[in-house]
Amino acid sequence: MQRAALFSGGDAQMAAGDLGELLVPYMPTIRVPKSGDRVYKTECAFSYDSPDSEGGLYVCMNTFLGFGREHIERHYRKTGQCVYLHLKRRVIEKVPGASGGALPKRRNAKLFLDLETNSDLNSDDFEYEDEAKLVIFPDHYEISLPNIEELPALVTIACDALLSAKSPYRKQDPDSWEEELQASKHAKTLVQLDNGVRIPPSGWKCSKCDLRENLWLNLTDGSVLCGKWFFDGSGGNGHAIEHYKETGFPLAVKLGTITPDGADVYSFDEEEPVLDPHIAKHLAHFGIDMLQMQVTENGLRDNDIKPRVSEWEVIQEAGVKLKPMYGPGYTGMKNLGNSCYLNAVMQAIFSIPEFQRAYVGNLPRIFDYSPLDPTQDFNTQMAKLGHGLLSGQYSKPPMKSELIEQVMKEEHKPQHSGISPQMFKAFISKGHPEFSSNRQQDAQEFFLHLINLVERNPVGSENPSDVFRFLVEERTQCCQSRKVRYTERVDYIMQLPVAMEAATNKDELIAYELKRREAEAARRPPPELVRAKIPFSACLQAFSEPSNVEDFWSSALQAKSAGVKTSRFASFPEYLVVQIKKFTFGLDWIPKKLDVSIDMPDFLDINHLRARGLQPGEEELPDIAPPIIIPDDPKALDIDESSVMQLAEMGFPLEACRKAVYYTGNLGAEVAFNWIIAHMEEPDFAEPLVIPAFGEVASSGAAGFGAVGLDNQPPEEMVAIIISMGFQRDLAIQALKATNNNLERALEWIFSHPELEEEIEPAMDMMNMANNANANILAETGSEGPRIKDGSGRYELFGFISHMGTSTMSGHYVCHLKKEGRWVIYNDLRVCASERPPKDLGYIYFYHRIPS
């Protein structure tokens, strides 16, 4: 009891020998962070508590995991680890001086925590103070730091290494989303010359060499100069940095990167990319309006000019005073750098009761049974995110006195407003070449990626992703023989085409396009936007109509023929996700977006799209697979780009589509689709196609179709081709091994050994039974239950995700959700009651089935 008093505060001091004696039993558990160790000193593994939180953060001195006050006891009980470093950051008000200004208050040593500072905090009035203590459990002995003279050397070294450790989310790769940019020291005090410079919306060129690419705008004098020195590797003559050496003007922004969400800024003085918290003001000095991306001739907008109705303004409800929303279910998410696609999808996901029950409802059980490193467990991170969004713990309104202060000073003191999903993003994007980058992504692709992870990580007796799953019946008809084939596949999204030909304002669109071209030629601001108005009924009609099947091979004719395909719902999901196919590919393979307005209904009835199966009088196509033709020279195989485009429009990565078409011998999109399904889990699924050199196929056992493993297993791509023809996997492997991985000879071998197929089928049946039994073990009730939640096709809209920008590779996402009878806009950290929900401009819509 006496020792506890000594360490919990007061003026009493303990001798160095006593401190050393106290720590001796725990010395074997105290580690010094080494290169490669991740130190989580900014975020709890189970919640969004941080050193900024009221209870601070406890960092384990053995695993370097961080825990909030609510979860530290769980980790102690589970691991027996007793020594933690307790970190706490406080915001304190500076003491006013005699002249009325603020006097800097002496702070405890320095800012030693690697935390972001609140950009809304006026540094003239407030400052941060960091505090660190060693805490020994279970008696909560506290040892204040620094205490270098009294602590054992190992403990001192471990504490110093932990405090100086970099963020676990930083990487050496400059293209990684985890590369954290710091605010420039010049941003707040940047001097801008009042020289009348105004920057036009297009037609830029270097003022010294006439280059028209890799151009940088100096934020002090408005000079537009070429670069050569930045990390993106684009060309130039280095005139921007020469200008800095001559003038000392430190900051420049790259033209072409400016969006309402930010811009690429470089500091010549600091020699690195930086953040400019005042970028909007700095750009406005030169007549650039970040929100509208439109510059008037004098840099200012005339009050008599009607503002443009751009999608950035309409979707974010700019110009309307929106009421902030606080409490459970109204928690914002920080944008980590083009992570708005993740924020929008996760807000929609956790508005669904089935996901709330699966993760937040099972939160104690998930946390108790999480692995020793919860940062690497999918269900733990989902439960953490769900609790962060739904608990209201991180969405508290300002106190009344603080609200008055905000109005008076027009500034904000720090509040528990929103969460930063760094740990979640780091885990869910691990190993994915796109989602682990800092580039903007397609929200639809991320939604499917998330569903895939949910499927692979079951929680409880019911998989929440079941609410999205439905069966699609595809009817393919040979136009010559009139015979048909019915197949079923699983899907999670209804992809609705945009029926541009059905636009109701075609005359206005033609007139707008003429004016836009004239303005572009004359280098004038473009005219007010005219958006195509498309009836929803026309899009639904386009979805239901037959589409041509490229390179259709008719088993009735044993040859290629014309074919058409029609899709219908074999089942209707509990929650219907509708994607508007606004994105297409240009001639340069860059995704482009159709800027259209579609009158999406609040209530939707698609019962007429119910599948009916084989109809009387219809004759089925024979179940015969097309022949496999492999060229002697793999490079001689031209990739059918039309099939590639068909697959890419389904949302698959472009390079994966090219590989699928190549490895299936240009037999059409349907065969290539089967290849994609079989290879989606592979780590190099989206990597670029590498066509082997001539002769490699013969010398390495058909290496062009995948390398042979060390266990002499045949290439998986060749196995998949044989499986797609209807043969069992074991038979395909056996045939390829018997023919030295020669695909043509393997097929001949299978047809000459029909008795083997009969022997393999019963064995496969037994294996399937065993797999089903193992799957049922996962269900607490002993039965996995129905995988398809079929029902009525009548739905009500409850949410939609909107995209702003010209392609999936750029822009910004926001989410609108209907909660408690009203619409709410989720724009990263900003959560407000929506006044004008732009339901006609959405990209992904969420409908819930209306109970019968």
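Cβ atoms here come from the backbone N, Cα and C positions, even for glycine.
Database features (TrEMBL):
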| type | residues | note |
| --- | --- | --- |
| DOMAIN | 182-290 | domain 'UBP-type' |
| BINDING | Cys206, Cys209, Cys226, His239 | Zn(2+) binding site |
| DOMAIN | 331-850 | domain 'USP' |
| ACT_SITE | Cys340 | active site, nucleophile |
| DOMAIN | 638-679 | domain 'UBA' |
| DOMAIN | 713-753 | domain 'UBA' |
| ACT_SITE | His812 | active site, proton acceptor |
Cα of Cys206 (Zn(2+) binding site) to Cα of His812 (active site, proton acceptor), in Å and rounded, measures 29
Same-chain shell around Zn(2+) excluding Cys206, Cys209, Cys226, His239, C-beta within 8 angstroms of the CB centroid, reads Ser207, Lys208, Asp210, Leu211, Leu215, Leu225, Gly236, Asn237, Gly238, Ala240
Could you check the recorded positions His239, His812 and say which one's CB has the fewest neighbouring CB atoms inside 10 Å? His239
A 10 Å Cα radius around His812 (active site, proton acceptor) captures, of the recorded positions Cys226, His239, Cys340, exactly Cys340
Distance, the residue listed as 'active site, nucleophile' to His239 (Zn(2+) binding site) (CA atoms, angstrom): 35
Rank the binding-site residues Cys206, Cys226 by the number of other Cβ atoms within 10 Å of each Cβ, and give the residue at the low end. Cys206
Rank the recorded positions Cys209, Cys340 by the number of other Cβ atoms within 10 Å of each Cβ and report the first-ranked residue. Cys340
Run through the domain 'UBP-type' (182-290) and tell me, per DSSP, how many residues are helix, strand and coil. 15 helix, 21 strand, 73 coil
Compute the C-alpha separation of the residue listed as 'active site, nucleophile' from Cys209 (Zn(2+) binding site), stating it in Å without decimals. 38
